[in-house]
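Have a look at the structure below, then the notes.
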């Protein structure tokens, strides 16, 4: 066993003394059992994580019943909704790397035989997944689950995205103070990740099709008994996989990454999934071309529109059959998935999901009646984004295939929000927000406030927004993010001027400014070099090492320093 490194031999008597002092070893034979880390992310300012201490206790009990010894440790967590729109958002994406590094440190320092990961919200799941792939120790994921959707006094279903858009509507006088406060009190009624197909739930659904979590991991409610039963089942599976030596890199293959994007397309997941999945591919040593994502989109039908793209919540999806029903439907179209891959259940993806039929065709459409014949995400290329950009086409009004407008440029999120609030941004504008990428932000903050204000003001079909920053999974409208290279790295988004004509073509998947190559080169010669905004602390180190979004926004040590 891997843990023999810290518990076998006379020379490890001091380590054994310390292990006895933990109280985790109940009898002499326990030293001969596998040591399992529970990598938890309990934190009580994050509603998606307030209940994870209880789930960890269930996991501990089940791991012990299965014949192994559990030890729990915690990672940090950032609530993107609370950190939104201020300096706190600079720390959200960078927290992913801290989580990965922290988990790697504990797992390798103590030579655990297996790891039970309990994530839930936005950066925690991908951070833990980076650690799982990096350490390649037998692992299983069981998230905390989504919260219930809220309900307004008028009986309207609510999610957190409803609240962000309500801010714009309230400022426009389209929503009364009473209705505004009612929504605030009722949008988030329980613990769990936010109720729509936002980043947290998108990633937790993808864990199912990647093969590192049990079926229904992405949709079973946080407050449900099924969630607790799933924790127990996952614990027994993990201990069995330790004995069989099934590791993450046996499961996370190029085909698994393909299938993750296919499910993402079918569910219209968050654009952040592209960022995180590319980072996972990089960590797994898989060279993954962005154009491959478009090829997957072309052959994957869009089957389930979930909030913010509709009024349906994750609970509605669960009741309609969950991810297993969507995966089963996709398997009926040959070439869409790779169903004979190994998963953490010890069975194939096909065996996990075959026969799981759709229970409500309003929530999950069939192959014969998709929302669209192509997936809900697209990668755009062009002279603004030579290395790619991402748009959630499932969140764009279906009538819009090509949008051309006049650029109105801002070098920060805050400048753009002020202009939108002051009605400087008008119909026909393409809002350009730059120097908000991984390096420029720093931290690639989410642009939820400006997109929500645009939609809340009723301009969702009349104003577009493009940025080298990113979006919340709650974003909808004509919103293009992850533009690469970013402005801080000399990307052409930094060359756009007010009044330039910008075209977003969803048919041909292009993003261009109507300027000649010569003019753009002339502008580049006059461009001032980017100066880092933060000079000390973690964000200064992050700025120095982070790459653009087309590589997943990973931190990379320059080769000349290795």
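Think of each number as a place in line: the chain as shown, counted from 1.
Every residue gets a Cβ built from N, Cα and C, even glycine.
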Of the candidates 80, 414, 421, the one that Swiss-Prot places in the Mg(2+) site of 122, 123, 446: 80
121, 194 as binding-site residues, winner by CB count within 10 A: 194
Roughly how many angstrom lie between the C-alpha atoms of residue 194 ([2Fe-2S] cluster binding site) and residue 80 (Mg(2+) binding site)? 11
Excluding near sequence neighbours, so keeping only residues 6 or more apart in the same chain, what lies with its CB under 8 A of residue 446 (Mg(2+) binding site)? 80, 84, 89, 92, 469, 470, 471, 472, 475
What are the sequence-distant neighbours of residue 123 (Mg(2+) binding site), meaning same chain, six or more residues apart, C-beta distance under 8 angstroms? 77, 78, 80, 92, 93, 95, 96, 99
Surrounding the recorded Mg(2+) site, with Cβ no more than 8 Å from the Cβ centroid of 80, 122, 123, 446 and those residues left out, we find 78, 83, 89, 92, 93, 121, 199, 200, 272, 472
All chains considered, the count of other Cβ atoms within 10 Å of the Cβ of residue 472 (active site, proton acceptor) is 29
Taking each of the binding-site residues 80, 122 in turn and counting other Cβ atoms within 10 Å of its Cβ, which one has the fewest? 80
